[in-house]
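One structure below.
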Amino acid sequence: MTWRAAASTCAALLILLWALTTEGDLKVEMMAGGTQITPLNDNVTIFCNIFYSQPLNITSMGITWFWKSLTFDKEVKVFEFFGDHQEAFRPGAIVSPWRLKSGDASLRLPGIQLEEAGEYRCEVVVTPLKAQGTVQLEVVASPASRLLLDQVGMKENEDKYMCESSGFYPEAINITWEKQTQKFPHPIEISEDVITGPTIKNMDGTFNVTSCLKLNSSQEDPGTVYQCVVRHASLHTPLRSNFTLTAARHSLSETEKTDNFSIHWWPISFIGVGLVLLIVLIPWKKICNKSSSAYTPLKCILKHWNSFDTQTLKKEHLIFFCTRAWPSYQLQDGEAWPPEGSVNINTIQQLDVFCRQEGKWSEVPYVQAFFALRDNPDLCQCCRIDPALLTVTSGKSIDDNSTKSEKQTPREHSDAVPDAPILPVSPIWEPPPATTSTTPVLSSQPPTLLLPLQ
């Protein structure tokens, strides 16, 4: 009896030891480092590997995937698999049964979106054991970059180059300008005359930003290579867009300026006297009322900001769009956006169409503000906006047979972009007909699109 009791006790201990050993053999491993990064709209596979001391029988095990967003501290079930039952709570979510047999419980999610970033938890049950692991998923979007040359309103020998980066996420981005000369072939960062605007959020959650570089070509060496360098979390290497400065535009010497002045000073003097007499003949009261009360469309909107539906808009964004971004856009029907704003219905409509076609959805609400101003005659009268501007439907004359400027779509940049020439672009607007408006006349020089060579 004693021998049999001892044998039974030994067998029980062996069974208990085997059970304890088995429970410790189930383990789940996720992505190394605890963070997985994936591009926007990609078909992502979130890794989850099962390690078990025994061969896996998928008919007697279960897999459940959970997701917790970055903004809400609540888990949501994404996918579950138990025996012959599987259900996807997120469209397209799947765990391959065939791979599960070899211990691969990875979750596949097609077309991942920005809002799906967060913590994912893989829970594995092999009765009576359970193991789990978590991973942080980050969704990023790479910026698309292009260069524009904007000469509107610039002085002689001055150029403004705009580097637009769009469609990136997360918001943090770094844009710098560099130059390389024949004397100094290594890139030198430029810190002066560089203005980078605010980041603008698009409707899809991505961001846009524009950085401007102002150059005085007469003070720079021809052949100097300039680069707009974009650094972002989604890029393995910086995104570079290049252009080469050509020969500086002709600048008169002091002798030439003196000679030209001596030749033409008599006509200029007569013109000056005529202007003075004209000003004297105009009633002083009319000049006073006109100059003291008239507002440009942009200033009118800013002054009466609360009269518009601007709860989600910002004044500094409107100023940046109206004075810097919109004047560089190539609009159809020969229209160009003036930096002081416009109540010309055709100009506003063409700007609205351009922003929608180019996917600049964050700018559309700001365009609507000028529609609202035009549709408010009392406010236009209060700001003393010229009524003639409200009746103008196009900036072109009836006899203008010039062809419409074709919209140019920039080619997509690679990480390293070679030198890009400045391509000529046909004029995108003509001076408006003469009116009594006090609106300043803009330069007819259009912005030039810089396309990097592939």
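Note that Cβ sites are derived from N, Cα and C of the backbone, with glycine treated the same way.
Residues annotated as domain 'Ig-like C1-type' in Swiss-Prot: 143-244.
For Asn43 (among others), the entry in Swiss-Prot reads N-linked glycosylation site. Reduced to three states, the DSSP call for Asn43 (N-linked glycosylation site) is coil.
The N-linked glycosylation site feature in Swiss-Prot is assigned to Asn57 (among others); the stated evidence is experimental evidence. Listed in sequence order, there are no same-chain residues at least 6 apart in sequence whose CB falls under 8 Å from the CB of Asn57 (N-linked glycosylation site).
Under DSSP, Asn174 (N-linked glycosylation site) is assigned to a strand (E or B) in the three-state scheme. Residues or ranges marked as N-linked glycosylation site in Swiss-Prot: Asn174 (among others).
Swiss-Prot lists Asn208 (among others) with the feature N-linked glycosylation site. Under the three-state DSSP scheme, Asn208 (N-linked glycosylation site) falls in the strand class.
Asn216 (N-linked glycosylation site): 15 other CB atoms within 10 A of its CB, across all protein chains. Annotation comment: Swiss-Prot describes Asn216 (among others) as N-linked glycosylation site.
Residues or ranges marked as N-linked glycosylation site by Swiss-Prot on the basis of experimental evidence: Asn242 (among others). In the three-state DSSP assignment, the secondary structure recorded for Asn242 (N-linked glycosylation site) is strand. Of all Cβ atoms in the protein chains displayed, 20 besides its own lie within 10 Å of the Cβ of Asn242 (N-linked glycosylation site).
The N-linked glycosylation site annotation in Swiss-Prot covers Asn260 (among others) and is backed by sequence analysis.
The feature region 'Interaction with NCR3' is assigned by Swiss-Prot to 59-62 (among others), with experimental evidence given as support. Panel annotation: around the region 'Interaction with NCR3' (59-62), residues 80-84, 124-127 of the same chain, lying at least six beyond its termini, place a Cβ under 8 Å from a Cβ of the stretch.
Residues or ranges marked as region 'Interaction with NCR3' in Swiss-Prot: 127-130 (among others).
Swiss-Prot lists 284-454 with the feature topological domain 'Cytoplasmic', giving sequence analysis as the kind of evidence.
The transmembrane segment annotation in Swiss-Prot covers 263-283 and is backed by sequence analysis.
The most crowded of the glycosylation sites listed here (Asn43, Asn174, Asn208) is Asn208, judged by how many other CB atoms sit within 10 Å of its own CB. The closest partner of Asn43 (N-linked glycosylation site) among the glycosylation sites, by CA position, is Asn208; the full candidate set was Asn174, Asn208, Asn216, Asn242. For the pair formed by Asn174 (N-linked glycosylation site) and Asn242 (N-linked glycosylation site), distance between Cα atoms is given as 17 Å, rounded to the nearest Å. You'll find the Cα of Asn242 (N-linked glycosylation site) roughly 20 Å from the Cα of Asn208 (N-linked glycosylation site). Sorting each residue of the region 'Interaction with NCR3' (127-130) by its DSSP state yields 0 helix, 2 strand, 2 coil. The two recorded residues, Asn208 (N-linked glycosylation site) and Asn216 (N-linked glycosylation site), show a Cα separation of 27 Å.
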